[in-house]
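Heads up, the thing below is written out as structure tokens.
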Amino acid sequence: ETGAAGGRWRCGRCEDGAVLRWCISGVLCASFLGLGMSIAVLGPTFPNLAANVGKNVSDMYYIFVGRSLGFLGGSVVGGVLFDCMNATLLLALSMLGTTAGLYVIPWCKESLLLTALMSVIGGSMGILDTGANVLILNTWGSESGPHLQALHFSFAAGAFLAPILAKMALGGSESEELAGAEKTNQSVLKSVPTASGASTTPAPKDHHDGDFLWSYIIIGTYILLVSIFLFALYSKRSSARDKGKGSAQKGRLAKYHWPLVGLLFVFFLFYVGAEVTYGSYVFTYATIFAEMTESEAAALNSVFWGAFAVCRGAAIFGAAFLSPATMIVISLACSTASSSALAFFAHYRALLWAGTAVYGASMATVFPSGISWIEQYTVIEGKSASLFVVGGALGEMCIPAVVGYLQGRFHHIPVLTYAALVTSIMTVLLFPVMHKLANVPQENDLKEVSDSETRKALLTNSRLTEDEEEEEDVREWNDADFEIIEMNDKLKNSVTDTSPRIPGHSPAEVSLQPHLDDVLGDSPVVAGGSPGRQNGNVDWEKSE
């Protein structure tokens, strides 16, 4: 009965642990939904914020710079703090900081204060983006693939919902403005062209000035509820268990850990930069080079982001059956093929639509799959994860800037499609190098292999030595048997020649057996000798 009770207790404890892990994944996905909404809501409400601080839209670009710098700083600081304190507590605090910033922004009347608030929100977002990936890895380990895909799908869903929420709060303001701003939520330079284009647009009407704040309040309240759930998880001390699990994995640090992290940093820089660049400029490209109408260009932009979101959702289930490396290879192959079609055959409308859809789908799974992939080869902690996020953020800022600059210099060249092809080629070249570097065996592994081979060789030599000794013993016994047979023949001949004859008996019958008994003693009987010995005994008894 005691054993059965102990078994039930252990079973119940395992079930509680599984439920707790699923709760962690659910809360983190909810937090990323809020992260996507808080980033995306800035685009549709940007003119209202400008009117709130009494500035033109074209003069408000620096709030994007402040948010991006805060995001980079939060990623770096968060990476250090996650290795020093409870991960769940830090995430809860970062969500509270985001909530506070979202509550204050609608009432902010100073542009400098608004920039500072954006920097604070950006820092909180950077901490969340870094910490959620690390916490998923520590919670699920080798099973983290589908959960990472779900995490990043939640971000895409939040970015999709925020413009709809803003449109509802604004009471149906200009749909084209919202459609253009819907996809300007992921980079500074995404929103700057929109701002420049809107510089001559009159300020929003008075009846909209107070309506937009409800979108910030609703999103802030949602994030506040998520932070409460994170505090509840902290009270369960879940991250202590996660940290123990992560510490158990410290022994398998890759031989070239930091070079591998650095290469993945560059990989994410090109990947995220390519994703944001195409999503930012595809509308302009379609109207100028493909000669589409604005509605067609907007539809093409929606195809890109729609394929991106759908494929990221499908990847949640695909990650349960495919390895991260396989998903990355498929994504890179599709991105290279589609970007090649866009670069050289985009003048065919069908290929432009199909290439845009495939390119968007190929972008969906790379970031979460990359984190899952590297976790198989080395330990990912806060500092390493922060570098991945920083790499993506730098690519998000730098590559669109370079493409925009080159497009301004070379008006008649579709720089966007060629940039997509170049970044695809760079990622295709980087991944085999990373895979080769990740599979370099450590010195301990080489020593274990060497010791194993040495033991195998010793065992083989030992078996050979034993076999040789057995063969040598067999040869010695055979030689001894032949010597005995030869002595037997010689003695027989000698007795026959020298013994006196006894009437009625042959000399061999009289004297052979005593001599053989004296010579052989208790030696083993050999083939052919037994009959003679038995006959000798019989004759000897007769002579007596």
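A Cβ is built for glycine as well, from the same backbone N, Cα and C atoms used for every other residue.
Annotated features, as they stand in TrEMBL:
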REGION    493-544  region 'Disordered'
TRANSMEM  18-41  transmembrane segment
TRANSMEM  61-82  transmembrane segment
TRANSMEM  89-106  transmembrane segment
TRANSMEM  112-136  transmembrane segment
TRANSMEM  148-166  transmembrane segment
TRANSMEM  213-235  transmembrane segment
TRANSMEM  256-274  transmembrane segment
TRANSMEM  329-346  transmembrane segment
TRANSMEM  352-374  transmembrane segment
TRANSMEM  386-406  transmembrane segment
TRANSMEM  412-433  transmembrane segment
Short question: which residues 6 or more past the ends of the transmembrane segment (61-82) have a Cβ under 8 Å from it?
-> 42, 49, 90, 94, 111, 114-116, 118-131, 134, 187-188, 191-192, 195, 381-387, 389-390, 393-394, 396-397
Near the transmembrane segment (213-235) in space but 6 or more residues beyond its ends, with Cβ under 8 Å, are 20, 23-24, 27, 30-31, 34, 37-38, 41, 44-45, 86, 88-89, 91-93, 95-96, 98-99, 102-103, 105-107, 162, 165-166, 168-170
With the transmembrane segment (412-433) as the reference, which stretch in 256-274, 329-346, 352-374, 386-406 has the largest tally of C-beta pairs below 8 Å?
-> 329-346
Can you find at least 3 Cβ pairs under 8 Å between the transmembrane segment (148-166) and the transmembrane segment (18-41), where each pair is 6 or more residues apart in sequence?
-> yes
Sequence-remote partners of the transmembrane segment (256-274) [C-beta within less than 8 Å, at least six residues beyond its ends] = 335, 363, 366-367, 370, 374, 377-379, 384, 387-388, 390-396, 398-400, 419-420, 423-424, 426-427, 430-431, 433-434, 437-438, 440
Looking at the stretches 18-41, 112-136, 329-346, which one shares the most CB pairs under 8 Å with the transmembrane segment (386-406)?
-> 112-136
At an 8 Å Cβ cut-off, counting only pairs 6 or more apart in sequence, do the transmembrane segment (18-41) and the transmembrane segment (112-136) clear the bar of 3 or more pairs?
-> yes
Is the transmembrane segment (89-106) packed against any residues at least 6 beyond its ends, judged by a Cβ distance under 8 Å, and which are they?
-> 28, 31, 34-35, 38, 49, 52, 74, 78, 81-82, 114, 117-118, 120-121, 123-125, 127-128, 131-132, 135, 212-213, 216-217, 219-221, 223-224, 226-227, 230-231, 234, 239
